[in-house]
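Enquirer: Starting off with a structure, shown below.
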């Protein structure tokens, strides 16, 4: 089986091809292609849905051609076409879904609509070999602590307002940091030079977290702190990272204790952050546990994760009829029936 995966829920446009050799048990998985193109708005600005959708429409056909050339396959080799059904930004989602529908009709292929969050989890499990971890899903649009139980990825805790990635990205705009390769990445690099910790609001409510307060506080006070010379931009990035990551580590540890797991899998774009991985590893090692994480090829939104989650669902007999290939900006992780797991 070979699956074509199309991802475009935010500013990353990804096309991936994955092969499952069904003659072995479990199937041997081979990544044939994993190509991505990112929309970068000017420094100090975020990406608007209409501009991001236009970017995706402009590049997706070329990316599909490149992926098929890299994987050395033709349309007849493809078993199923998978696309991101949600959650995400409406314009970009529908732009990519339209291409998925068109290719399916042209090539006479089945379609599978994939939950973006489940795509991250399944790709993380495949790459790292984590068996039954507590999943910390951290990105620009989502922050969730997740564990699998009874055919669902259950959400143990989540952000009550904005996602952690959005918090970091918006502070990058305050500092006028570039959006290339990513504002969160540039925050991370600047934070490595920080030495002075600013006391920031720390908001954990049970298993849930809140980042709007800490963002408002640091946005409001940053100009005066920088002007006075009391703190540098690096100090503020360092302080923000340490505070929000500590909140994530606390809630993840509580989930580990609740389900008795010794594994943590970090997925999503923010999961590339080495400091977050380091803090999580310190916590897990105290519990005789282990942290699993991937690099930017698989942490950041990509098409291969959509292909992986889609082909797993397809192997159970699941497909998405053409009339139900609409997209939704709200598609919770625990809405998906995970038929492919024991």
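Cβ atoms here come from the backbone N, Cα and C positions, even for glycine.
Any TrEMBL annotation is an automated prediction that lacks curation.
What TrEMBL lists as domain 'Gcp-like' is 31-307. Among the features that TrEMBL reports, divalent metal cation binding site is placed at 116, 120, 137, 301. Here TrEMBL flags 137, 138, 139, 140, 141, 169, 184, 188, 273 as substrate binding site.
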Enquirer: How many Å separate the Cα atoms of residue 139 (substrate binding site) and residue 301 (divalent metal cation binding site)?
Expert: 9
Enquirer: If I take the alpha carbons of residue 120 (divalent metal cation binding site) and residue 141 (substrate binding site), what is the distance between them in whole Å?
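Expert: Taking the Cα atoms only, residue 120 (divalent metal cation binding site) lies 13 Å from residue 141 (substrate binding site).
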Enquirer: If I take the alpha carbons of residue 137 (divalent metal cation binding site) and residue 184 (substrate binding site), what is the distance between them in whole Å?
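Expert: Answer for this pair: 15 Å between alpha carbons.
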Enquirer: Which residue, out of the binding-site residues 116, 120, shows the minimum number of other Cβ atoms inside 10 Å of its Cβ in this structure?
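Expert: Result for the binding-site residues 116, 120: minimum number of other Cβ atoms within 10 Å at 116.
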Enquirer: Long-range neighbours only, meaning 6 or more apart in sequence with Cβ under 8 Å: which ones does residue 141 (substrate binding site) have?
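Expert: 9, 10, 87, 88, 163, 165, 166 - these are the non-local Cβ neighbours of residue 141 (substrate binding site), listed in sequence order.
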Enquirer: Applying the rule Cβ within 8 Å of the centroid of the Cβ atoms of 116, 120, 137, 301, what extra residues of the same chain belong around the divalent metal cation site?
Expert: 9, 117, 119, 121, 139, 142, 267, 268, 269, 305
Enquirer: Around the C-beta of residue 301 (divalent metal cation binding site), how many further C-beta atoms are within 10 angstroms, looking at every protein chain?
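Expert: There are 27 of them.
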Enquirer: Cα-Cα separation of residue 273 (substrate binding site) and residue 116 (divalent metal cation binding site), in Å?
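Expert: Their Cα atoms are separated by 20 Å.
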Enquirer: Test of understanding: give the count of other CB atoms lying within 10 angstroms of the CB of residue 139 (substrate binding site).
Expert: 25
Enquirer: Expressed to the nearest Å, what is the distance separating residue 301 (divalent metal cation binding site) and residue 184 (substrate binding site) at their Cα atoms?
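Expert: Answer for this pair: 14 Å between alpha carbons.
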Enquirer: Between residue 184 (substrate binding site) and residue 116 (divalent metal cation binding site), how far is it from one CA atom to the other, in Å?
Expert: 20
